[in-house]
Amino acid sequence: MDVLLANPRGFCAGVDRAIEIVKRAIETLGAPIYVRHEVVHNRFVVDDLKQRGAIFVEELDEVPDDATVIFSAHGVSQAVRQEAERRGLKVFDATCPLVTKVHFEVARHCRAGRDVVLIGHAGHPEVEGTMGQWSRERGAGTIYLVEDIEQVATLDVRQPDNLAYTTQTTLSVDDTMGIIEALRARYPAMQGPRHDDICYATQNRQDAVRDLARQCDLVLVVGSPNSSNSNRLSELARRDGVESYLIDNASEIDPAWIVGKQHIGLTAGASAPQVLVDGVLERLRELGAAGVSELEGEPESMVFALPKELRLRLVS
């Protein structure tokens, strides 16, 4: 039995930035630092930041006056930003810049009076934040959420000739393209983003897991169950006909999964750290894995800048 590692895998630039913002805020301002929602969807990362002095909350009313709060990588609504400003909270924004790009698109369409269709998963914090970029004060348009291709048939927009779409950044590329095609068939005048909203890291990791699926008879995806992009990776492998499981860490591996398997693929979602992958590799060796190799993949060199104040504090 051998193990093939996907490439790329694990942390993306947006996740790296978000985690670093929390760490540096704690180092420079001191604990506690409040973080609205899990800064990224990974239990190991969140637990580590808690030990350093981060306090995770779901709403700003859990944050004391005069405290520092960090917005998670998934982004927040305008209402949350306005509440933080009204209360005078010190804010560091860890929203992924690629999510911010989608926010700007929604706000632009809103100002132009267009209706907007957001393709995404209801209840996901990124979707809630993006939906919250629309406001009646900004324009006359309306925003609609579409989760799957079936909902396109029943969608009833107010302005079919003045319509645009945008997407959550962590969706299945194939599923999203199907929804977009159905929307365009129904609303030929619909506008789209200048560049795809699904982020480069999501695309690259989905391409990599498909490479694994072509060569393996089992694919393990390291990631937490509330991680959208990690779930999509496991779904893609299964869709390509390969047995696949999403695991938080090595302790969740069932030895029965690898019985009779010759080639095990291993990847990690964009919010899963390499240390968890290393732990899975160690467990697979204990279960009989004889060799580990890494597939070629798309190189990633993207780096997102930290907030200016945290950059300055590092050298002061």
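Each residue, glycine too, has its Cβ placed from N, Cα and C.
According to Swiss-Prot, Cys12, Cys199 bind [4Fe-4S] cluster; the candidate from Cys96, Cys110 that the record adds to this site is Cys96. Summary of the site annotation: Swiss-Prot records isopentenyl diphosphate binding at His41, His74, His124, Ser227, Ser228, Asn229. Screening the candidates Ser172, Ser271, Ser293, Ser301 against this entry identifies Ser271 as the one listed for that site. The most crowded of the binding-site residues listed here (Thr169, Ser227, Ser228, Asn229, Ser271) is Ser271, judged by how many other CB atoms sit within 10 Å of its own CB.
In sequence order, Cys199, Ala201, Ala270, Glu300, Met302 make up the list of same-chain residues 6 or more apart from Cys12 ([4Fe-4S] cluster binding site) whose Cβ falls under 8 Å from its Cβ. Other than the site residues Cys12, Cys96, Cys199, same-chain residues with C-beta atoms no more than 8 angstroms from the centre of those residues' C-beta atoms, the [4Fe-4S] cluster site, are Ala13, Gly14, Val15, Ala73, Pro97, Leu98, Val99, Thr169, Thr170, Tyr200, Ala201, Thr202, Ala270. Residues near His124 (dimethylallyl diphosphate binding site) in space but far in sequence (CB under 8 A, at least 6 apart, same chain), listed by position: His74, Gln168, Ser228. For the recorded (2E)-4-hydroxy-3-methylbut-2-enyl diphosphate site, residues His41, His74, His124, Thr169, Ser227, Ser228, Asn229, Ser271 set the reference point as the centre of their Cβ atoms, and the other residues of that chain within 8 Å of it by Cβ are Val40, Glu126, Thr170, Asn226, Ser230, Gly269, Ala270. Cys96 ([4Fe-4S] cluster binding site) sits 10 Å from Thr169 ((2E)-4-hydroxy-3-methylbut-2-enyl diphosphate binding site), taking the C-alpha atoms as the reference points. Largest Cα-to-Cα span within the dimethylallyl diphosphate-binding set His41, His74, His124, Ser227, Ser228, Asn229, Ser271: 15 Å.
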